[in-house]
Amino acid sequence: MERFYLENKSKYHSLVDALDPLPKPRIPKGMSGPNIIVSARIRPLSENEIFPSAVFPRANQKNVVDIHDLYNHPKGIPILKSSDYQVDKLFNMDSATEEIYKELVVDLVPYAWNGGVGTLFAYGQTGSGKTFTVSRVEGLIAETMMNGKFEGKREVYMTIIDLAGNAAFDLLNEREPISLREDSLGATQLVGAQENQVFNVDDMKAVVERATSLRRTAPTLKNPASSRSHAICRIRIRNTENGSDGLLYMVDLAGSEAARDVAVHGADRMRETKQINISLSVLKDCIRAKAEADTATTLHRERLGPKVPHIPFRQSALTRVLKHVFDPASTRGCKTIVIACVNPSLADVGSTKNTLRFAELLRVLVPLTDESDTEKQSAMHWTNMQLREWIKENVS
């Protein structure tokens, strides 16, 4: 297929230039869920990439991207097939990581400082910029957290682990194996993992660099040092005065690979890729189910009934570690950011569409209800006491 793309490169450009993209179908009246933002980042084409870009942010519609693929028609005429996707925030090739941090991530730091749980996931094909994005964001978090501008006394601790299948390893202790165990309160504990206290920006960056050097990588057709595991950086902010400890999770997910990208590496790599893709599928189900649960809460539980979407966090080690992020029964506030990292090359258009499809599936829209309808519906469920109070306040 790559040969076909190269032979018809000029034809591809002419077809794209002549295309007038259709508007995306009108979105149902609503807004994104209150506790999750799904974004996409398109990395620039590198100098040594010979294929044109297949990814085109739409100029007249915010956060919509068109993907144009070239197909070999049975009659031998190259034709263009297009698809479009929408996210909450779209960052173009010229968007710096600092811009993404300011728009998406920076608010998670004071949120966690004050006892909340903030989580960032970076997802996408290997070579799409996940690790580059996460490592830079971790450095920016260190600078924000340690600038001395937040109120209250806190102690900051870091733990960084690697998940390969159902096995877990401590990246701050020479990849020593650790255990994932559920305590009496139902929380997942990282038994055997070191937790390093950090006191300044340099401490935090040094911990991240040490962990990165021990992360498991292996070559694929797309990347000679592809991350073949999920790296989880946990920052615990201990409130020494009162209140709950805050938590920040930076999750650099293993590259989502097509079978053709790993087939030449043998049966072990195929099994490894299967495990990675299963864990990513479970993660998608958990994030979406949590968003649906949050949406149901936003739309008044008394109207929707007590049923809560099932969240299958026990089905993989990754989601077990992050159980508290997905648990709808949790009393702690939790906010989640997803960055779908995209390789724009036409040669990777299949993986790009899969990444953006994954991102779209995570979006759960909250319908916007008319205020008067909401008030009427709520009044139908008032108790006698509520009704008497309303009459007392509104009827002379």
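Backbone N, Cα and C define each Cβ position, glycine as well.
All annotation found in TrEMBL is predicted automatically rather than curated by experts.
The domain 'Kinesin motor' annotation in TrEMBL covers 35-365.
For the recorded site, Gly127 (ATP binding site), the DSSP three-state label reads coil. Taking all protein chains in view, 24 other C-beta atoms sit within 10 angstroms of the C-beta of Gly127 (ATP binding site). Annotation source TrEMBL lists ATP binding site at Gly124, Gln125, Thr126, Gly127, Ser128, Gly129, Lys130, Thr131.
Cβ environment of Gly129 (ATP binding site): Arg41, Arg43, Cys341, Asn343 lie under 8 Å away, each six or more residues apart in the same chain. Confidence over the domain 'Kinesin motor' (35-365), given as mean pLDDT on the 0 to 100 scale, stands at 87.
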